[in-house]
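One structure below.
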Amino acid sequence: MIIFPCRSSRTSSIISSSPLVVNSFLGILSSIEILVILLFILFLAWTYYARISNDFKKLLPDKSLKLNLWQLKYLRIATRFGLLAEACLALLLLPILRGLALFRILGIQFEASVRYHTWLGTAMIFFAAVHGASTCFVWGVSHHIQKEIWKWQSTGRIYLAGAITLVTGLVIYVTSLPQIRRMKFEIFYYTHHLYTIFLVFFLFHGGDRHFYTVFGGLFLFSLDKLLRIIQSSPRTCMISARTFPSKAVEIVLPKDPWLKYMATSVIFMKIPAISHLQWHSFSIISSSRAENQTMSVIIKSEGWWTNSLYDLIQAEIEKGADKRKGIPVAIEGPYGPASLDFLKYDSLLLVAGGSGITPFLSILEELNSSSSKSRYPSRIHLVYVIKKAQDFCLLHPISHLLVNHSTENCHLNLKLFVTQETQAGVGIKELLNEFSKVRTLELDTVCANYAVHGPESPSCLAAIVGMSSIIFLFFLICFNHVIIPSGKHSNSSKQKTPSWMVDLLLIAAFVLALACNGLVAILLRWRRLKKGIQPISEKDMKPLDLSSAEIRNALEEHEVHFGGRPNFEDIFGMFQEETCGSNIGVLVCGPETLKESVAAACRKQSNCFKFGGGKRTEPCFTFHSLNFTL
């Protein structure tokens, strides 16, 4: 057993990142997340109570609907539930911003912030359903439902637009449930684009005053979407590809040498040969520090799109070299963390399940290529859980690290668990021999007019957002002065202006502001792009020489277990004994059940929550959850 010397303890936000709640329904929640959720619920409760109390004090009979007192009170209660849905909608789009990601400033990656979007969407649909169903109930009891629901009046609430908004929201929500999203991704993907109808009819229903509440998030989302379209419009081509026995594909793409990204970054990819509309996210497995002109992703075949990609690559391999043609690819990103602070521990425990290994491949490449010896951990323990032995081929990009597990930057130890197979006498050496079955495809890059350049700089994006806001306000003020009559000429003229006309002017100012900034973004983009790609010397993956005694001794330190799952409490205990560092980072990526098991063991074994004046000498496990795709 090798004992590594301790380094000085680092100061980190241990409590904020450690799991406080581990539940199969709620997932894994940290103390900061629980605090923010409670504060948001308190805000909603206070807002609702303040509004409904004021409504009841000023309650007056409605002569047009002829409602009695309890019906009138219930109608106000239903109306204020719509206010809660509006509050959720105001924040709904912020977690899914990519280029303008606000959560990245807080150290939260885009893939992790998507669950906040899911929580807000669920709350919004619940409040909106109560709002709509209760309103229809009151109208039904008072026999006014047919009169009110089909009315598209000139001023005030347009209830038909509200009904369309609710139905559209329910369709989006139902098709985004995990049972449908995992089995029928195409249905989830295409119905989610109904958000445009949802937002337009919400504007008609709530009016411009309520629309300004959600305008900030909608404006940033629309601008982010426009910038992403502009970024991905110059397509590139695959340089090469590899197929693995586990029906996985590694794709190598050209990138600009100046493009730098952090480990665990993701890209969004569209391959027109498969679909002109679908985008899919994948973790980058390479390091921009080690690979200056290329970046790579590994994609495992698990659905229609990924199976089509695997078949496309296989078909190209079967062709002769003279008949092969380039495969165009559109790329968004890379998007990743603002820093690698979550890697600055004394030691690292990486736990991956299946395709969840992909973010860790980039981490290991980053750590191995780092020139600073004290910046990153020197001891890395990788626990990899797979169903079948052939899935081990996903470790092909780091095979050189498995053979030379002790480099001058880090020491890597692998524990492999194959859960659905039982084989006697099979070790890492025998599994490494399976890499000979990997097939490589060299593609024609004549179609690759551009390399991947990545998104604009943060300062440029901030300038675009500021300019967009000014242009929007300019057009809105002009429309209000030119089209809507002024009160100086007629006191009643503005009141006679239909509310839907005001809504249309708001949409027009919104679209014009986006169009102007779209032109600016296009000019900036084309000035930055350099046509053509530099000659790329593809890294030669030489066959591994496993015959030397030194390599055989190194491979014996790795462990292979067949027919069982890992006992994380034992693994945590052994890792404590092997390392004397007081800060141990635990990174997990894979199925939710795997994450919950690791989080529970991490919470049980960690001593981070012991406060006192003395120096803590016992190891502290700090938990981080990663995602390899959305």
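Using the three backbone atoms N, Cα and C, a Cβ is placed for every residue, glycine included.
Taken from TrEMBL as is:
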DOMAIN    222-341  domain 'FAD-binding FR-type'
TRANSMEM  20-49  transmembrane segment
TRANSMEM  77-97  transmembrane segment
TRANSMEM  118-141  transmembrane segment
TRANSMEM  156-175  transmembrane segment
TRANSMEM  187-204  transmembrane segment
TRANSMEM  460-484  transmembrane segment
TRANSMEM  504-524  transmembrane segment
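Beyond the transmembrane segment (187-204), the same-chain residues lying 6 or more positions past its ends with a Cβ under 8 Å from any Cβ of the stretch are 89, 158, 161-162, 164-165, 168-169, 171-172, 175-176, 180-181, 211, 214, 218, 277-278, 500, 503, 506-507.
Within the same chain, residues 80-81, 83-84, 87, 115, 119, 592-593, 595-596, 599-600, 603, 623, 625 sit at least 6 positions outside the transmembrane segment (20-49) and bring their C-beta atoms closer than 8 Å to a C-beta of that stretch. Between the transmembrane segment (156-175) and the transmembrane segment (504-524) there are fewer than 3 Cβ pairs closer than 8 Å, counting only pairs 6 or more residues apart in sequence, which means the two stretches are not in contact.
For the transmembrane segment (504-524), the list of distant contacts is 200, 203, 208, 211, 219, 222-223, 226-227, 230, 456, 460, 464, 467-469, 471-472, 475-476, 479-480, 483-484: same-chain residues at least six beyond its ends, Cβ to Cβ under 8 Å. The domain 'FAD-binding FR-type' (222-341): residue composition by secondary structure is 30 helix, 40 strand, 50 coil, according to DSSP.
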